[in-house]
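A short worksheet on the structure shown next.
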Amino acid sequence: MTEPSLLPAAKMEGLALLPLTSPCPRIPRARISRQPGRWAHLGCSPGLSTGPTNLQQHPQKPRPADCSHSRLSWAESLSMDGFWMEVERIQQRAEVKKEDCGEGRSQLLEGDTESQWLQDTGLSGLAGGLGLDGDHQGLLSTLTQTQVAAVCRRLDIYARSARRRQKAPVRDVRDIFGVFTSRELAPENGVSGMKWTKINSEDSASPLRSAEPGGPQELAGMEEVFNMDSAYSEQAAVLLQRAWPSPGGTTAWGKGPLPRFRIPKGRLGVTRIGDLSSRDMKKIPPLALIELTALYDILGLDLKRCKGGKWKGPDSGLFGVPLHSLLEADHRVFPSTQVPLLLQALLSCLEKRGLDTEGILRVPGSQARVKGLEQKLERDFYAGLVSWDKVHPNDASDLLKRFLRKLPVPLLTAEYLPAFASVPDIPDLKQRLQALHLLVLLLPEPNRNTLKALLEFLRKVAAQEQHNKMTLWNVSTVMVPSLFLPRGRPPKLTKGGKQLAEGAAEVVCMMVQYQDLLWTVASFLVAQVRKLNDSNGRRSQLCDGGLKTWLWRTHVDRDKAGEGLEATPKVAKIQVQATWPSMDLLQVPLNPSTRVTHVLKLFTEHLNPGSQPEEGSENPNSLLSHNTKPVTFLVYEVGGNIGERRLDPDAYLLDLYRANPHGEWVIRQSPT
């Protein structure tokens with residue numbers, strides 16, 4: 001068997017079109033002490049990870065007090081009663097069958113981990129020594145210096161593990177005669193140490209208990225900038241070179257409300273997840289995985305991933321079936337739905353009649369009624385014979401949590417559930433958000449849409465705290481078992497793993513609080529998609545024999561770059577694809593102050609010549625009344641270096657033209 005080889009050194013230097021001094025740039029990495037095996041109970045057996053190797057080992061130290069979780073009161077911050085009560089109820093109901101608790105997931109081994117990573121990032125050809133093809137060159141040309149270093153590190157680990165596997169191992173004397181030590185005695189109950197165990201040492205005390213009573217509380221009213229223009233790993237590398245972490249800032253997150261973050265709107269506007277076409281959106285997860293790996297490398301953390309077990313159960317029904325199977329059945333009724341209809345019905349029932357119910361989500365419903373309702377839904381849901389007005393809110397909330405727990409694949413996915421759980425290991429709050437942001441982008445579309453619907457509902461519950469007595473922290477602790485204890489892993493937990501439960505609750509709390517930020521596509525990722533599309537477009541022109549076209553376009557781009565502002569057109573021609581026969585082209589003056597909202601305003605005035613919108617109107621989408629129904633119009637960027645992108649009303653047309661001179665602008669009626 002031939003030995004797998006890496007790229008030759010000469011070709012490795014071409015991994016990215018960046019002025020690198022070496023094939024694998026040396027990026028400084030933080031040394032962060034972590035609790036080993038902290039989240040092993042989530043289904044991954046102890047093993048190697050994708051993170052950097054040979055890190056210096058440090059003795060365990062408590063997380064600093066300024067990294068404590070956000071709470072609304074000191075007494076509440078120490079309370080995890082909602083979590084333990086929920087776990088106890090799950091145990092009493094015995095929802096998870098014993099035979100279902102087998103080998104659901106296992107952690108990937110070294111070598112296999114890197115091979116899977118390269119495959120998920122679209123760089124699997126590099127591991128086989130096949131050289132750089134067009135797809136690899138296009139992707140690698142978009143990467144930053146820290147991202148290139150992450151790719152090089154995975155290739156190096158893969159090559160070393162492949163060489164070790166091919167060599168015949170030297171037999172150890174213990175392999176022949178065996179060895180016996182008292183440490184190998186199995187526990188009496190035959191269960192390995194995959195539990196939430198109590199931490200008694202003072203070094204591992206809860207950060208809340210070690211926090212100073214007079215900690216920084218002024219952060220509650222602060223609004224910090226969350227920069228998405230540059231890669232998160234590049235930001236972390238800069239902070240590390242500046243003796244990160246610095247005193248104060250987001251690292252000093254004490255008790256009280258979570259600080260607020262603001263995404264600065266650049267000249268190109270903000271891009272939400274739903275703004276990009278499906279073709280462009282498919283390019284985001286590989287880029288996000290490379291960036292997340294690079295960020296964890298800089299922070300000195302291990303990015304743990306698991307292999308998902310194969311689903312052998314039924315693919316029909318409502319409870320205990322995969323999300324994609326649910327959506328396939330739903331599409332027969334509503335072809336455009338993106339969230340399971342059952343979940344929508346449960347959330348709608350709770351929003352109408354349960355938001356003001358005291359203890360909603362925490363107080364259990366009647367188990368007899370819940371079981372009967374589940375059976376009725378399985379039988380009559382699609383026939384529309386379920387009367388939701390008669391469903392008790394507590395029964396509906398119980399059924400909601402049961403629906404999540406019964407998913408054969410966790411909502412946060414088996415592959416990335418350990419990564420979600422390890423987010424609290426990051427000391428800096430802003431960097432935790434960066435990691436969470438990338439993890440959300442890695443979720444499959446059905447999981448991401450379902451999670452978004454759930455988080456929107458949880459935010460509404462927390463907003464009614466005065467009536468339902470459920471704070472954001474209460475809501476988070478109650479929902480942890482349904483999100484972090486997936487099917488196939490019964491909750492054999494002891495009432496001592498408070499820190500571990502707090503960490504999971506913190507993740508849920510952050511996802512609810514910052515969901516608008518998390519469902520934004522970072523500007524640097526959109527820029528990488530543009531570069532990737534541009535590279536693929538130029539290569540396809542050459543492959544199709546359009547050499548003259550490609551050379552002509554190259555010269556045009558070069559001339560435009562040389563002429564600068566003189567080549568910029570004075571008028572923007574915008575196509576109109578809305579259902580309005582009176583207009584098919586709109587001309588708008590193109591100057592540095594022209595924004596998308598001005599285009600929509602001008603378009604509305606053309607449709608209704610006598611109407612003038614009120615000054616100071618906050619509606620940038622120019623709602624128009626037509627046939628007594630409000631009509632919303634949107635502007636899209638189509639073609640060029642982007643497939644399709646819905647434009648932010650505050651985006652500037654001149655900057656959009658410079659970013660994508662070969663694209664077009666189109667006005668369409670909103671699909672909703």
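Using N, Cα and C of the backbone, Cβ positions are placed for all residues, glycine too.
Swiss-Prot lists 43-68 with the feature region 'Disordered'. The compositional bias 'Polar residues' annotation in Swiss-Prot covers 47-59. According to Swiss-Prot, the domain 'Rho-GAP' annotation covers 321-519. Residues annotated as site 'Arginine finger' in Swiss-Prot, with sequence analysis given as evidence: R362.
Summarising the environment of R362 (site 'Arginine finger'), the number of other Cβ atoms within 10 Å of its Cβ, over all protein chains shown, is 19. In the predicted model, residues of the domain 'Rho-GAP' (321-519) average a pLDDT of 91. Mapped onto three states, the DSSP output places R362 (site 'Arginine finger') in coil.
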